[in-house]
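Q: First, the structure itself, so that you have it in front of you.
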Amino acid sequence: MKLRSIIVGSCSLFALAAGAQAQSLTIATVNNGDMIRMQGLSDRFTEATGIAVDWVTLEENVLRQRVTTDIATGGGQYDVMTIGAYETPIWAAQGWLAPLDDLGADYNADDLIPAVREALSVDGVQYASPFYAESAMIMYRTDLFEAAGLDMPAEPAWEFIGEAARAITDRDAEIYGICLRGKAGWGENMAFLTALANSMGGRWFDMDWEPQFDSPEWHEALSFYVDLMTEAGPPGASSNGFNENLALFQQGKCGMWMDATVAASFVSNPDDSQVADSVGYALFPTNGQFDNHGNWLWVWSLAVPASSQNIEAAKEFIAWATSGAYLDMVAEEEGWANVPPGTRTSLYENPAYAEAAPFAEMTLGAINSADTANSSVQDVPYAGGQFVAIPEFQGIGTAVGQIFSAALAGQTTVDQALEQAQQTTRMEMERAGYYR
Amino acid sequence: MARAVSTRRKLAFTALAWIVALVVFFPILWAFLTSFKTEGTAIAAPPKFLFFEWTLENYRTVLERSNYFRFLGNSIITAVGSTLLGLVVAIPAAWAMAFSPTRRTKDVLMWMLSTKMLPAVGVLVPITMLFRMMGLTDTHLGLVLVLTLINLPIIVWMLFTYFKEIPVDILEAARMDGASLRQEVIYVLTPMAIPGIASTLLLNIILAWNESFWTIVLTTTQATPLPAFIAAYSSPEGLFWAKLSAASMMAIAPILIMGWFSQKQLVRGLTFGAVK
C-alpha cells in the first residue's frame, strides 16, 4: 500500500512537473518602448493563467534572421514572435505560421482597424495579431511655420512641402527645413522613398515584374528628394535613419519630419523633446493630382510559428497582449499616452485617449488612408505599401537603398542611381526566377 | 648630437604609439562616456565629450530590465569551458605536429586554418539542424562544443608555434633519462611552454567571450551569454545608444579586467620567440 502510494504520488508529481514545464512560453521581441512595457506587465498574464513567460529581446534584423532560421529548420525555439507586416503574408503563405482566427470572444477581432487586420491576413485568415501599428505623417514645428508666415494644410502637396522647407531653413541657426531618412536599408530610406514614389504615381514593378526605376515617376521622386535634402536637409543626411531624425527633431533642428506615426508620442513628450509644445501634424503629402498618401503601413504584431509545441498557450498570450483589455491595463498603469497605438477602432473613440494623445486623430487618418493592396495608382502585382511583400525585397531593397543613399551623399547623380537601381533589381529578379 | 637625434626619435615613436593606442582605444572610451549620458545627450550634435550631466540611470535601467548575472554566468561557463576543452585537444595535437612531423603536417595545419576562412553563415543551417537533432540548442554543452571547434585552429596554431621554439634536445634528454611520453608532455614540455599555453588560454577566453554570431544563433533563454545581453538593447524605434553603451560596458568589464591583470603574461606569450 505504501509502495503504491509512493508510485502514484511520484507519477502525479511527474505529471505536474511535466505540465508546469509545458506551460512556459518563449517570446521573441524587439527593444521598442511598447514591447518593454508588455514585458513588465506579463507577470499579470502569468498570475492569471499560470503560464510562465521567457523573453528573448534582440535587435530587429538579428531577430528576423533568428526567427527565419528557427522556422526554416523547424527548431521550435519560440512560441510567440514579434514580426512585421512584411513577413506575415510571406511566412503565412509558406505555412510557417499558425492561423489566429480563434482568439476567443474577448479578443473582438471586429474592433481591429480594417487596414491593419487586412495587412496581417492571407485569403481572409488572420496569421498575426497587431500589437501596435503605424503609418507615416508629417510632424512639423508650428512656431517655425508661424514665424515664416506659413500655414500647413491638412493634406499638403509635395510642392508646398518643398517651398516651406526651403523657407524655414536657417543653416546658421542649425535649423533645417526638412529631415528625412537617408540611411540605406529596405526598412530605412527605402521605406520613405517607396512611399514618396507611390504618392507621385510610381511603382516598384509593372504587372510583368519589370522594375520601374526608369519611369518618369521615379525620376521625379528621387530628383525631388535629393534636391530638397541638399537645399533644406541636415548635413550628413545619408546616415540618418528614424532614430537620428528623432534626435534632431527633439533638439529643435528640423522644421518638418516625415516618418512613422509612432514618433508623435516621442516628439510630444516634454521629458525628451525640447519642442514638445510646438508640434503639429498633417497627412503624408500627395503630388496634388491624385489621392495617394504613400500608403505606408507597418504593423508590429505577434504570431505563433507552426513549429511551436505550445500553440494553444501562445494564442492565449497573444489574445491577452493584443486585446482591448490590455490597452485599458496600460492606460491604468502608465497613462493613455503610453497605450500601443494604431490597432483598435475603440481606442480612437475613447475621449480619454484623444485628450492624452493630440496626434491620435491624425494617426488614425494616416492608417486609414493606407491601401497596401493598391499602393500605386498604377496596377501592381504585389502587396505592401512602403515595401514589396516578396521574399527577395529585403536584399533588393537594401541594395537599392545603398545606391540611393550614395546619390543623396553626392557620390552619384540621380540618373546614374536610377540606372544602377534598375539593373540591380532586374538582375536579382531574373536570378530569383520571375521571368521564366 | 647622435644622442639628441636618438631622443627625438624616441619621442616621436612614443607619440606615435600614444596616437595609435588612443585611436584603437577611442571606441571603448566613447562607449564608456556614452554610458553615463542621457539618451538625448548621447546623440547630441555636436557631440559632448566630458562636459555633460553624468548619470547612472542607464546602468540602473539595464540592471532592472535584464538578469545580468545570468548572462555573465553563461559567458564564464562557455568561455572557460570551451578554452579548457580546446587546450585538452590542442596540446597533444600541437605536440605531435611540432615534434613528430610527417609529410602531411603542413597540409593539416593549413587545412585547419582554412576552416576559419569559411564565413560562419555558410554553415548556419546545417549546424542549427544538427543542434536541434542532438538536443544541443540553448545548452551550455552545445555552446562549449561549438566555441571549442571554431577556436581550435587558432589554439593549435599558437601552441604549435610555441612548441617549435622548444629545443628537441631537451625532450630527447628526458627520454634518455627514461621519461615516458606522458611524463615528457606533463613534466618537461608543459612547464617550458607555460607562457605560450597561458597566452593561448587568455586569448581563447577573449575570443570565446566576444563571439556573438553563434552564441546568439544557438541560444534562446537558458545558455545566452553576454553578446545576447548587448543585442537586446538596440532599438529600431527609439533612442538607445546610452543604454546600449551601458550594457556593452557591463559585458566587456570582466574580460577587460582580466586582460588588464594578465597583460604582462599575454604580451610575453604573444611575443615568445618573435625576434629569435
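Counting begins at 1 with the first residue displayed.
Positions of Cβ are set from backbone N, Cα and C atoms, glycine also.
Small disclaimer: the values here were computed from a predicted structure and weren't measured.
The domain 'ABC transmembrane type-1' feature in TrEMBL is assigned to B:72-262. The transmembrane segment annotation in TrEMBL covers B:12-33, B:76-96, B:108-131, B:143-163, B:184-207, B:240-261.
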Q: Find the member of B:12-33, B:76-96, B:143-163, B:184-207, B:240-261 that has more C-beta pairs under 8 Å to the transmembrane segment (B:108-131) than any other listed stretch.
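A: It is B:143-163, which has the most Cβ pairs under 8 Å.
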Q: Excluding the flanking five residues on each side, which residues at least 6 beyond the ends of the transmembrane segment (B:240-261) place their CB within less than 8 Å of a CB in that stretch?
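A: For the transmembrane segment (B:240-261), the sequence-distant neighbours (Cβ-Cβ under 8 Å, at least 6 residues beyond its ends) are 28, 31-32, 34-35, 37-39, 41-43, 58-59, 61-62, 66, 68, 71-72, 75-76, 202, 205-206, 209-210, 226-227, 229-230, 232-234.
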Q: Excluding the flanking five residues on each side, which residues at least 6 beyond the ends of the transmembrane segment (B:12-33) place their CB within less than 8 Å of a CB in that stretch?
A: 49-50, 245, 248-249, 252
